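J.: Got a structure here, written out as structure tokens. Questions coming.
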Amino acid sequence: MRIVLVGPPGAGKGTQATRLAETLHIPHISTGDLFRANISQQTELGKLAKSYMNAGNLVPDEVTIAMAKDRMEQPDAEGGFLLDGFPRNVSQAEALDELLETEGMKLDAVLDLEAPEDEVVKRIAGRRVCRNEPKHVFHVTYTPPKKEGVCDVCGGELYQRDDDSEETVRKRLEVYHTQTEPIIDYYKSQGLVATIAATGPVDEVTRRALEALKRDQ
């Protein structure tokens, strides 16, 4: 299956993408991973992307699309893939359609993870990360540490990342509504969108997504 996963920041896209990709035995292709891999391997595309990022500019669509194309042409993606973070706008969605068409392929489904805005803000703004090990993540409401401000695992100081402040989260949501949300209508016109409630236990959200994919087959 060839799937696109969309949803606002904090809807749990990364978590669900990993779980769905494992269940469906297809690679999880995230734009964040693509950028990191190309930059660390110093590919031509990676060098190009880094030059834009270092200048404080957005990486042009054609660079992102070229990276996605390279990844989708890898042998492990022959049987399908799950795209997370791409396409990010309508022009990228159109480019993806053209790309797939030239290969004689098409998307099977677009999963739209929906979560109320206040819930998204609460999820992200409540995150606290360990200064010693960024993988040690807690939440002031859902998974609080035993001692406030102290990592349960290593005793390191817990802090709120700048990206996780309420003001920054609301700005990111604004960008999502303006740039990314229009692709949902674009894909709805092709009959590809399944809306998934991204609230409740993680397992339940995964179950809803898999059920929606079964209905679309």
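Backbone N, Cα and C atoms are what each Cβ position is placed from, and that goes for glycine too.
Predicted, not measured: the structure shown is a model, and the values here were computed from it.
So Swiss-Prot says this about it:
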BINDING   G10, A11, G12, K13, G14, T15, R127, V137, F138, G200  ATP binding site
REGION    30-59  region 'NMP'
BINDING   T31, R36, N57, L58, V59, G85, F86, P87, R88, Q92, R161, R172  AMP binding site
REGION    126-164  region 'LID'
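For each listed feature, how buried is it and what is near it?
T.: Sequence-distant neighbours of G10 (ATP binding site) (same chain, 6+ apart, CB under 8 A from its CB) are A115, E119, V120, V121, R123, I124, V169.
Counting residues of the region 'NMP' (30-59) by DSSP class, helix then strand then coil, yields 21 helix, 1 strand, 8 coil.
Secondary structure at R161 (AMP binding site), taken from DSSP and collapsed to helix, strand or coil, is coil. Long-range Cβ neighbours of R161 (AMP binding site) (same chain, at least 6 residues apart, Cβ-Cβ under 8 Å): R127, V129.
Sequence-distant contacts of the region 'LID' (126-164), counting only residues of its own chain at least 6 positions beyond either end whose CB sits under 8 Å from a CB of the stretch, are absent.
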J.: At its widest, how many Å does the recorded ATP site span between Cα atoms of G10, A11, G12, K13, G14, T15, R127, V137, F138, G200?
T.: 19
J.: Which one of these binding-site residues, T31, N57, has the sparsest Cβ neighbourhood, judged by other Cβ atoms within 10 angstroms?
T.: N57
J.: To the nearest whole angstrom, state the Cα distance for the pair T31 (AMP binding site) and G14 (ATP binding site).
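T.: Between the alpha carbons of T31 (AMP binding site) and G14 (ATP binding site) there are 11 Å.
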J.: For G14 (ATP binding site) and F86 (AMP binding site), what Cα-Cα distance in Å is obtained after rounding to a whole number?
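T.: G14 (ATP binding site) and F86 (AMP binding site) have their Cα atoms 12 Å apart.
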